[in-house]
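> Just dropping this structure here.
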Amino acid sequence: MAISCRVRPFCMISRRMMVTTLGGEENRIAFTLHDKPGSLVEALSIFSRRGISLSHVSNRFKIAAPDVPWFPRHISDLDQFSKSTLDAGDQLESDHPGFTDPEYRARREEIAKVASKYRGADGPVPQIEYTEKEVATWGYVWDELTKLYPRHACKEHNDALQALTEAGIYGPRKIPQLNELSDFVSARTGFQFRPVTGLLSGRDFLNALAFRVFFSTQYVRHHSVPMYTPEPDVIHELLGHAPMFLNPDFADFTQYIGLASLGASDDVIKKLAACYWFSVEFGLLIDLKGAVKAYGAGVLSSYGELLHSTSPTNPSISIKPWDPEEAANEEYPITKMQPVYFAAKSMEDAKIQMKAYCDRVSRPFHCVYDSESQSVFTDVDVYTRPVAMK
């Protein structure tokens, strides 16, 4: 019989046991008992005698295993996501700046092929030899955005960007390579970056976060409009997303969303995606002086959005206190600047609230991530069904 429970603090009770730290003073322990009468009572009495509170106890095996949407159990399962993107990376809409540029379309296809062939077991992410035109586009955006960061970006982002620059990974005349970035970030918070050809479904993208994996594009926006891109490109990923993953609170925050998405219903996925949108993409923080600072990638990678969201005199926006429950049900536009933002007191506070929300997500099982085996374990047996592409 396998048992999963949450305890505070931790004590050793079994030789066959997996311990996962959930943050603060709380841990989750999974252990195996002999299948005989009284074994569970005996095990739980150990906690009672030591004054340890249990917030959740569950038996792994049930008569009827719940039926939920398929989800990855091991990091290697993420390989199949490269086959299920919503677009192929080179398929552009008619209003895309590069739609009528055959050279740009061919370049996008070339980079997309590299990403489509990559598998986690291959080792380091293949490097892209960026062209002079692509590096110039990166450099232009770098120069413009880094002028604003000291005043409008949060300290966590600025500190991380400085660390990446001092390490020689970032700079105005060099587009960072995912393999170097991934090694640097993984050594600090365990998050790694993997290439993807285009947009993943919301479910697949969030599922990957549970394994501390962030899928990143590698292609560069069209050079004719360097400060605009209709879809995420490598500049958005590298200037907006990547630096924040060096912050432990942000890394935990993001993984909580990912873990809550595993096996979740479509309705829950929609709510988690909204939480992600108003935080990881467009989140704000209130610093110690009461000033609004950006930590969301959609803000940090957009000159206009950065000024729009952090202006203390902008009457066209509403900044609400960070509340995942409210954010999960808030509507948002995708193709224009945001009218509503959520601002947290700190990254730690945002993380605590996000974890509490994820713990309340309705799902017929609990799961934990084991970083050593890079696997997810559930506290009950579950049956998974295929998920249709949307």
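Just so it is clear, glycine is given a Cβ too, placed from its N, Cα and C backbone atoms.
Feature annotation from TrEMBL assigns domain 'Biopterin-dependent aromatic amino acid hydroxylase family profile' to 55-390. Taken from TrEMBL, the feature Fe cation binding site covers HIS236, HIS241, GLU281.
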> Which value does the mean pLDDT take for the domain 'Biopterin-dependent aromatic amino acid hydroxylase family profile' (55-390) in this predicted structure?
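Reported value for the domain 'Biopterin-dependent aromatic amino acid hydroxylase family profile' (55-390) is a mean pLDDT of 94.
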> What number of additional C-beta atoms lies within 10 angstroms of the C-beta atom of HIS241 (Fe cation binding site)?
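Taking every protein chain into account, the count is 21.
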> Which number gives the other C-beta atoms within 10 angstroms of the C-beta of HIS236 (Fe cation binding site), all protein chains shown included?
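The answer is 22 other Cβ atoms.
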> Could you list the residues of the same chain, at least six apart in sequence, whose Cβ is under 8 A from the Cβ of GLU281 (Fe cation binding site)?
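For GLU281 (Fe cation binding site), the qualifying residues are GLY296, ALA297, GLY298, VAL299.
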> Can you list, in sequence order, the residues of the same chain other than HIS236, HIS241, GLU281 whose CB lies within 8 Å of the CB centroid of the Fe cation site?
PRO232, GLU237, GLY240, VAL280, GLY296, ALA297, GLY298, LEU300, SER301
